[in-house]
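A quick write-up on the structure given underneath.
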Amino acid sequence: MGDGRVGGGTNRPAWLQQYELVGKIGEGTYGLVFLARLKQSHPHAAAGVGRRGSPIAIKKFKQSKEGDGVSPTAIREIMLLREINHENVVKLVNVHINHADMSLYLAFDYAEHDLYEIIRHHREKLNLPINPYTVKSLLWQLLNGLNYLHSNWIIHRDLKPSNILVMGEGEEHGIIKIADFGLARIYQAPLKPLSDNGVVVTIWYRAPELLLGAKHYTSAVDMWAVGCIFAELLTLKPLFQGVEAKATPNPFQLDQLDKIFKVLGHPTVEKWPTLANLPCWQNDQQHIQGHKYENTGLHNIVHLPQKSPAFDLLSKMLEYDPRKRITAAQALEHEYFRMDPLPGRNALLPSQAGEKIVQYPVRPVDTTTDFEGTTSLQPTQAPSGNAAPGNQSVVPRPIPRQMQQPMVGMSRMGGTNMAAFGAAPQGGIAGMNPGNIPMQRGAGAQSHPHQLRRKADQGMGMQNPGYPTQQKRRF
């Protein structure tokens with residue numbers, strides 16, 4: 001981990017000498033995101049990764065609100081990302097801290113795109129749907145990465161299109177990376193209450209058990225979000241666009257529930273036995289008493305036949321009862337992924353031979369801003385690429401960006417010195433070979449992975465990624 005010591009005869013931290021700054025590519029509630037390039041290759045650099053000139057996204061965190069330590073959001077990301085390693089999870093390359101002002105910088109491999117921008121490009125520029133092969137490949141890879149996280153007892157808790165990055169260049173072209181672990185948590189069995197963590201998951205992708213105040217929840221909340229993302233890939237617009245209530249730290253989200261009920265119908269205790277135990281269920285009953293929700297038909301909104309494998313998978317992701325909701329491991333075994341077109345490692349390939357690869361837009365780079373966030377650099381030519389881990393666009397967007405930011409109300413840890421967390425050097429991470437997660441067989445209802453006890457010897461290693469051999473033509 002780089003420190004904040006001054007080097008090179010300047011008043012800038014020595015670790016900055018590793019990078020050639022290109023400019024700022026994003027800004028959010030957490031801080032700033034910069035695009036930089038490596039000046040020298042890493043000792044264990046792989047082909048196209050960690051070599052001289054390789055693009056790197058550097059995420060600078062603001063100080064904690066208390067002003068006496070490192071941002072707790074950054075601590076969460078570091079403690080999880082330094083322990084996990086998978087092809088479909090964003091890779092933490094290095095951690096740097098400037099002791100002078102306790103500013104923290106996380107360096108990631110740079111991804112040129114994210115699902116939010118890909119969906120927006122098809123909706124607003126091309127006016128064409130995303131081809132079935134790309135939709136299936138993006139979804140398969142998302143589930144593959146999520147299965148790895150859930151197998152290691154990690155709940156992401158903030159899955160949404162802007163947090164799903166897509167590589168646009170090099171050997172990893174078309175590979176997705178799950179990013180932004182600021183709200184992620186490790187969960188255990190027996191489950192401990194997680195409600196004290198505050199509001200989680202951006203509202204359009206928030207599971208009904210969270211909206212109804214569940215004190216205990218599982219990785220099933222991530223699968224609901226995946227279902228929402230799947231529908232958005234199919235229709236190019238968010239499935240449940242509720243208006244968020246913000247009157248109190250954790251208000252009753254009636255409008256969001258209303259949007260869900262209008263599509264899926266009203267949940268019942270018969271189909272969801274634990275529904276009556278949820279704290280906000282009585283509030284819901286009072287608000288909608290006498291209101292009849294006619295099931296408008298999810299298949300009509302996503303334009304899928306009710307008997308199609310795609311609709312069956314989507315319906316199982318959007319199951320009200322979290323205990324019955326399909327898991328990532330089960331979803332990977334679904335018939336939908338066994339049918340043509342088969343999913344592949346490069347999700348951005350054309351669906352048919354002879355078709356052109358879609359050229360997705362380049363994110364503007366502010367080349368006048370330095371690492372401290374001040375305006376000082378001379379403008380340079382903007383590089384290709386448009387996304388970075390957890391970034392926020394510098395371009396106005398038609399869909400409200402509050403839906404793309406972490407939720408307000410999350411509990412915060414006190415300011416903390418990094419040394420207390422034993423943040424080790426990241427050289428080992430840089431030398432790892434990402435990917436290779438086993439394809440787990442789907443579990444039955446009686447052995448649901450959400451309820452299994454964590455194995456004491458369970459590690460976070462990697463195995464075979466599980467792509468069928470016939471898919472090699474898609475790589």
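Cβ from N, Cα, C; glycine included.
The ATP site recorded in Swiss-Prot includes Ile25, Gly26, Glu27, Gly28, Thr29, Tyr30, Gly31, Leu32, Val33, and the single candidate from Lys59, Lys91 that the record places there is Lys59. Ile25 (ATP binding site) counts 28 other C-beta atoms within 10 Å of its own C-beta, drawing on all protein chains shown. Contacts of Gly31 (ATP binding site) defined by a Cβ separation under 8 A and a same-chain sequence distance of 6+ are given as Lys59, Lys60, Phe61, Lys62, Ser71, in order along the sequence.
In the three-state DSSP classification, Tyr30 (phosphotyrosine) falls within coil.
Ile25 (ATP binding site) falls within a strand segment according to DSSP.
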